[in-house]
Number of protein chains: 2
Amino acid sequence: MNKRFGPPSVLLAIAAGAMLGTLLRYSINAAAFDSIFPFGTLMENWSGSALLGALTGFFAIFTVREWISAGLGVGLCGGYTTFSTLVSDTVLLGSALSPLYIAAYILPTIVGGIAFAWAGFAGGQRLGRKLRSSEEGRRL
Amino acid sequence: MNKRFGPPSVLLAIAAGAMLGTLLRYSINAAAFDSIFPFGTLMENWSGSALLGALTGFFAIFTVREWISAGLGVGLCGGYTTFSTLVSDTVLLGSALSPLYIAAYILPTIVGGIAFAWAGFAGGQRLGRKLRSSEEGRRL
C-alpha cells in the first residue's frame, strides 16, 4: 500500500483510468438485460477483482512506472468495480435482511471476488515470471 | 435501475463524478496512517454507501435531471467506493482464508455498508419529504 501522494502524472492516470472504468461499468449496466437480480454489477465486481489481482501479481514481479500501476489499479479497477451499489441494491430492493438475497447475491459476490482476485494474482505472477525469464534468456 | 444508455450530458457527468470520487479515495488512502489494516478503504466504502443510500432516498422523493443523479450516484459514489480493492487486499495480505481477517474486515465492511446505506436511504427520504413540504407550503 502506497502511503504518499503521487505526482501529477499519477493523478492524471488515475483520473483517466477512473473515467474509463466507470463508463465501462455504466455501459455494461445499461446493456444488461432487465432483471431484479443485478447481474451486471456481479460481473463487474468479479471481473474487476480478477483484473486487479492479475495486475497486482504481475507488478509484484515486473516493476513499472507508478502512473501505469496507479492508473490501471486505483483508477481503472477502482472505477470499474463498486461497493456502494452492491450494498445499496440490497436496501433499494427492500431485502437488506433477506437471507435469500444475501445467499444469492452478497455472498457469491464476496466469495467469488476473493477467488477471482486470488486466481488473477497467481496468473499475473506466472505471466510476470515468464516474461522476465524470456527477457533474461535474450540477454544470455 | 436505468437500462438505457444516457445522452452525452449523462456520460460527461459520470466521467467527472468518477474522477472526483476516485481522486478523493486515492487522497484518503494516501493520507491514512500506515497499517496492515485497510482503514482508508473501510471508511470510503462505509461513507460512500451512506452517501449513495442518501442520494437514492432523496431522488426517490425529489426528481432531478438524469445527469445530476447519474453523475453523483454512478460517477462519484461508484468511483469513491471500491470492491476490487476490498477483495484484493485479502489476497495481497495472504489471508484470504483467515477467519480473523474476514471477521475483522470483510464482514464489518459488508454489514456496516448495508446499515449505512439503509440509514442514508431513510435520511435522504426524510430530507426529500421535508424540502417538498416546505416547497408546497410556500406555494399556498
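Numbers here mean position along the shown chain, with the first residue as 1.
Quick reminder: no glycine exception, Cβ is built from N, Cα and C everywhere.
Just so you know, TrEMBL annotations are computer predictions that nobody has curated.
If you check TrEMBL, you get these features:
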type     : residues         : note
BINDING  : B:Gly78, B:Thr81 : Na(+) binding site
TRANSMEM : B:46-64          : transmembrane segment
TRANSMEM : B:71-94          : transmembrane segment
TRANSMEM : B:100-122        : transmembrane segment
Spatial neighbours, same chain, of B:Gly78 (Na(+) binding site) - Cβ under 8 Å, 6+ residues apart: B:Gly17, B:Ala18, B:Gly21
Where B:Thr81 (Na(+) binding site) sits in the secondary structure, as DSSP reduces it to three classes: coil
Cβ neighbour count within 10 Å of B:Thr81 (Na(+) binding site): 31
